[in-house]
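Feature annotations, courtesy of Swiss-Prot:
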- 922-932: compositional bias 'Basic residues' (COMPBIAS)
- 30-133: domain 'Cadherin 1' (DOMAIN)
- 134-242: domain 'Cadherin 2' (DOMAIN)
- 243-347: domain 'Cadherin 3' (DOMAIN)
- 348-452: domain 'Cadherin 4' (DOMAIN)
- 453-562: domain 'Cadherin 5' (DOMAIN)
- 570-682: domain 'Cadherin 6' (DOMAIN)
- 30-692: topological domain 'Extracellular' (TOPO_DOM)
- 714-932: topological domain 'Cytoplasmic' (TOPO_DOM)
- 693-713: transmembrane segment (TRANSMEM)
Amino acid sequence: MAPPQRHPQRSEQVLLLTLLGTLWGAAAAQIRYSIPEELEKGSFVGNIVKDLGLEPQELAEHGVRIVSRGRMQLFSLNPRNGSLVTAGRIDREELCAQSPRCLVSFNILVEDKLNLYPVEVEIVDINDNTPRFLKEELEVKILENAAPSSRFPLMEVYDPDVGMNSLQGFKLSGNSHFSVDVQSEAHGPKYPELVLEGTLDREGEAVYRLVLTAMDGGDPVRSSVAQILVTVLDVNDNTPMFTQPVYRVSVPENLPVGTPVLAVTATDQDEGVHGEVTYSFVKITEKISQIFCLNVLTGEISTSANLDYEDSSFYELGVEARDGPGLRDRAKVLITILDVNDNVPEVVVTSGSRTIAESAPPGTVIALFQVFDRDSGLNGLVTCSIPRSLPFELEKSVGNYYRLVTNAALDREEVFLYNITVTATDKGTPPLSTETIISLNVADTNDNPPTFPHSSYSVYVLENNPRGASIFSVNALDPDVDQNAQVSYSLAEDTLQGAPLSSYVSINSDTGILYALRSFDYEQLRDLQLWVTASDSGDPPLSSNVSLSLFVLDQNDNAPEILYPALPTDGSTGVELAPRSAEPGYLVTKVVAVDRDSGQNAWLSYRLLKASEPGLFSVGLHTGEVRTARALLDRDALKQSLVVAVQDHGQPPLSATVTLTVAVADRIPDILADLGSLEPSAKPNDSDLTLYLVVAVAAVSCVFLAFVIVLLALRLQRWHKSRLLQASGGGLASMPGSHFVGVEGVRAFLQTYSHEVSLTADSRKSHLIFPQPNYADTLINQESYEKSEPLLITQDLLETKGEPRQLQQAPPNTDWRFSQAQRPGTSGSQNGDDTGTWPNNQFDTEMLQAMILASASEAADGSSTLGGGAGTMGLSARYGPQFTLQHVPDYRQNVYIPGSNATLTNAAGKRDGKAPAGGNGNKKKSGKKEKK
């Protein structure tokens with residue numbers, strides 16, 4: 001069997017395909033670098049060895065080199081570290097010109113593996129070229145009649161950089177007539193255009209010097225400037241044109257000298273000198289120039305001599321119109337003379353006055369003139385007349401003389417100049433007449449006072465205005481002239497609130513501007529009534545007055561003031577009582593506030609700002625009533641703290657806050673017991689005092705029944721009472737029966753009283769505040785007038801031993817009685833017009849509790865009489881000590897009655913009692929409790 005034949009050509013083809021595949025795969029992984037232009041020679045471009053996966057020492061082993069198609073070798077390999085570096089300075093503009101991207105491509109050849117690796121290096125442009133104008137100075141000539149928005153190309157600017165480093169914009173020095181706009185061709189350079197923003201006037205400014213700045217967008221920005229000289233050229237492109245080529249007119253031969261015959265008109269659309277047209281005669285004889293004259297500015301042709309039909313009946317005149325530079329136009333004027341009676345009457349004013357006072361009486365002579373006619377016979381007889389509408393008349397004088405006189409009063413303010421036309425007419429056929437105008441000026445007299453356009457003024461000024469600010473301006477008009485019309489302003493003297501009016505406002509005598517000399521306060525001054533006087537400078541001066549009402553407008557500059565509860569002065573916090581059995585909506589108290597502002601600045605709203613137990617209480621938005629929002633629970637704390645904010649509706653709103661302390665308990669003993677459990681006893685004396693208070697309150701229930709029985713017995717046997725008291729001789733004070741009430745009265749008594757316990761924040765002791773009850777009869781003995789009444793139980797009082805005294809009943813104290821408006825009651829018991837409401841009969845209950853506590857304290861001692869010592873208010877037990885409460889301050893100073901400025905006071909001269917002598921220790925304790 002023959003061996004298989006080999007095909008060497010096929011093997012070479014397979015090898016070539018394998019090599020090409022290897023090179024193609026290597027070429028797919030192209031290496032890219034990016035460097036800025038203008039790098040120094042040998043600058044690092046990229047780590048080519050790392051990117052090829054070789055080591056630096058393998059460069060020579062593998063035969064790694066750069067294969068480039070260009071003649072210039074831009075890059076080279078560093079044999080030491082195998083990095084690609086620049087072979088020299090690279091200028092992007094020289095290499096790629098204006099191409100957006102500059103890419104340099106070459107290959108890295110690994111000879112031993114025959115692998116080619118394409119490398120692409122992007123040369124990034126830097127801002128190394130400044131925009132350059134091809135010309136640094138350029139003159140632009142513009143016709144003065146160039147239309148706005150006209151464009152004028154300027155010199156080109158060249159910047160070889162690309163992108164943001166190339167030319168980006170232009171800036172023109174500030175000028176209102178020109179602006180610069182940038183134009184650019186598609187993929188071409190940018191060039192500026194000068195844009196005319198408005199019309200030019202060569203006579204106003206003939207040359208403009210502008211500075212044009214070209215800027216690129218590099219960092220930093222490079223720029224260059226060029227000077228632009230704009231010259232405005234004058235244009236005369238319109239020739240004067242007559243309105244018609246031939247003018248024809250016919251005039252009578254008796255036309256007076258100087259009478260206009262005809263007016264020719266030529267128009268020139270140019271402006272300035274180019275539009276100024278002058279007129280002149282052309283190609284006329286000397287005789288014609290003596291008869292007619294032409295106004296060079298108006299084109300009016302008039303007679304300069306008498307016309308005579310018999311001498312010449314026709315005239316032909318040549319007229320030329322010419323502008324400043326010399327453009328001209330011509331026309332013909334044909335004048336025909338008509339044959340008429342050529343002698344007209346003539347009027348010659350021989351004497352007269354051109355000015356007359358407006359106060360001149362009727363019959364004053366103004367002028368004397370003469371009339372005559374050159375004709376004879378009837379044609380020479382002349383009559384004169386003036387318009388009947390004028391306040392003048394003609395009077396015949398000697399011969400052909402006439403006098404012009406006034407026949408009515410003159411008023412310069414109505415007519416200050418009269419042009420009196422005197423018409424002279426002959427009796428020819430047809431009659432001829434002539435007119436002469438006599439001008440008469442009417443001189444002013446001071447016969448008109450200054451008048452204000454309004455009968456009165458109302459000025460509104462916000463309060464707190466700055467001093468010296470102008471608040472209003474008045475203007476009086478005087479129809480007179482000169483000195484008679486010069487108006488000065490002043491204010492009538494007056495006083496306001498004990499101060500002169502001039503201390504509030506002043507007025508500028510020349511301008512009539514009213515200034516405020518002080519800052520107005522709406523709460524102190526709400527309006528001013530002023531009288532402004534306007535006087536002229538005539539002789540005698542005339543004046544008029546106008547009323548000016550200045551109203552001060554309110555600003556929200558007063559925060560709400562809280563009237564109830566009053567802010568404490570002794571450091572303690574007033575406590576409101578809310579029973580635990582209170583239902584939702586129970587009225588606990590009411591916050592009463594006022595605002596001195598007015599309008600919506602005084603509208604108040606109340607809100608609960610902070611509460612120790614959220615959701616337990618609510619505050620009425622408009623009433624300020626503090627009510628329970630839900631039923632009270634056992635877990636609710638005894639002491640509840642509420643912060644109520646009162647805010648007005650001003651802009652910006654102002655507010656005030658008040659802190660309320662609410663004690664949650666059904667009875668005062670509960671409060672004392674809870675307070676005793678809240679704070680441990682720090683001193684033995686404090687514990688004893690608390691124990692005494694608890695024992696005294698516990699005895700109330702026992703004493704109360706006996707107290708009611710005694711009151712009922714006294715009411716039924718009141719007629720025996722005085723006899724029994726006189727017979728007893730035991731020192732009991734007599735008590736009128738009318739001072740006691742029965743069981744039903746006590747029940748009503750309980751219902752009409754409320755209580756208020758003022759608890760200090762650091763003590764278990766309480767101040768029981770007794771308000772005035774709402775009945776007139778009060779049990780008060782003589783000693784109660786001489787001692788303080790608040791029930792503050794101290795150790796001194798417990799240690800005081802009663803001594804026998806001669807008791808005597810004092811008459812009722814009228815200072816303790818309220819007027820109807822001052823009586824406390826529920827928040828709804830008073831009319832809506834009252835200034836405040838009393839929350840929930842709190843004083844009444846407090847009064848009853850104090851009376852019962854006083855009785856219980858005396859009963860506990862067992863040595864007092866029923867008349868009572870001072871401070872018991874006539875309710876002490878029969879065998880109790882004389883309980884005086886002499887060391888306690890007068891509670892009535894702490895009682896505030898909303899809606900009234902009344903203060904609970906004792907009778908005059910009986911308020912301050914002297915304290916009994918005691919030990920030093922007892923005095924210190926009393927002082928400490930008074931401070932609390």
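Just so you know, glycine gets a Cβ as well, placed from its N, Cα and C.
What you see is a predicted model, and the numbers here were worked out from it, not measured in a lab.
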Range from 134-242, 243-347, 348-452, 453-562 with the greatest count of C-beta pairs under 8 A to the domain 'Cadherin 6' (570-682): 453-562
Segment confidence, the domain 'Cadherin 6' (570-682), expressed as mean pLDDT: 85
Secondary structure composition of the domain 'Cadherin 3' (243-347) [DSSP: H/G/I, E/B, coil]: 10 helix, 47 strand, 48 coil
Residues in the domain 'Cadherin 6' (570-682) grouped by DSSP into helix, strand and remaining coil: 15 helix, 47 strand, 51 coil
DSSP-assigned states of the domain 'Cadherin 1' (30-133) in counts, ordered helix, strand, coil: 15 helix, 39 strand, 50 coil
